[in-house]
């Protein structure tokens, strides 16, 4: 392709018009329900410790600074939004750009649009119902199916993910051609088997909310008080696409700091850079985060489904290859 051809957008104008309408409808959905729209920083002093996320960094320089300061492009507005919740914002939502220094492809672009919202005093199941309402409105689809992680894993893998010995997971992963399966930890094996055998086979005719992920995959979610083997975490899938990831949010600052430190220890073991813990976020938890359920949803993927697009580049004005 010549330089003269590279100026054109990756999406058609028709798709961009449809995108604008969908985003306007999303805003209306939340404002009519009384949520406050907020804006939070795209640049942060802190990266994220999650071993599954890679971040972009930049250098902030000024004539009045002795040396430059590293800043990170946010992978999610989560920490800043929770600081607003701790300050008394009430229910909030945000549509924003986020950045992940990872793959680009049919379903991925390093810069993408995230919808994130938080509902104080909601539990996980009540928030699942609200996500379902949004999907029905946006995609004109049937109501979502609800199923536990344990149920769908047993149905499609034939193994109980919460009690099976690791050798059984290794054997199944080998059957699915995972090289070096014997060297992987339990969570990596579970994630591989879930993405290989479960995700392609669920939510084909209508969305599905999978809830109660293993406690070891809790991230920033609470552990279930009824079954300590699982976390109060859910994900939505539809037609082979992971759409949303939500939690009953962890409010214990000490436990959150412990998880951050665990992440950094694992990063060190994997040869990944460690990240300074966001002490401002921990300060918000210490000050008091209300009991809250929150969820992040990939807007570009939602629009792909709404328009029947095969590639994320069809629904964003300029993908990474022509940005």
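Heads up, the Cβ atoms here are built off N, Cα and C, so glycines get one too.
From a predicted model like this one, the values you see are computed outputs, not experimental measurements.
If you look up Swiss-Prot, you'll see 76, 77, 78, 118, 249 marked as substrate binding site, on the strength of sequence analysis. All chains included, 24 other C-beta atoms sit within 10 angstroms of the C-beta of residue 77 (substrate binding site).
Under the heading ATP binding site, Swiss-Prot lists 100, 101, 102, 109, 242, 243, 298, citing sequence analysis as support. Less than 8 angstroms from the CB of residue 243 (ATP binding site) sit 135, 207, 235, 236, 237, 297, 298, 301, 302, 305, each of them six or more residues away in the same chain.
Of all residue pairs in the substrate-binding list (76, 77, 78, 118, 249), the one with the greatest Cα separation is 15 Å apart. Looking at the residues that bind ATP per the record, 100, 101, 102, 109, 242, 243, 298, the two CA atoms farthest apart are separated by 19 Å. Look at residue 78 (substrate binding site): DSSP puts it in a helix. Here residue 109 (ATP binding site) is compared against the binding-site residues 76, 78, 118, 249, and the shortest C-alpha distance is to 76. Proximity to residue 76 (substrate binding site), defined by a C-alpha to C-alpha distance within 10 angstroms, is shown by the following binding-site residues from 100, 101, 102, 242: 100.
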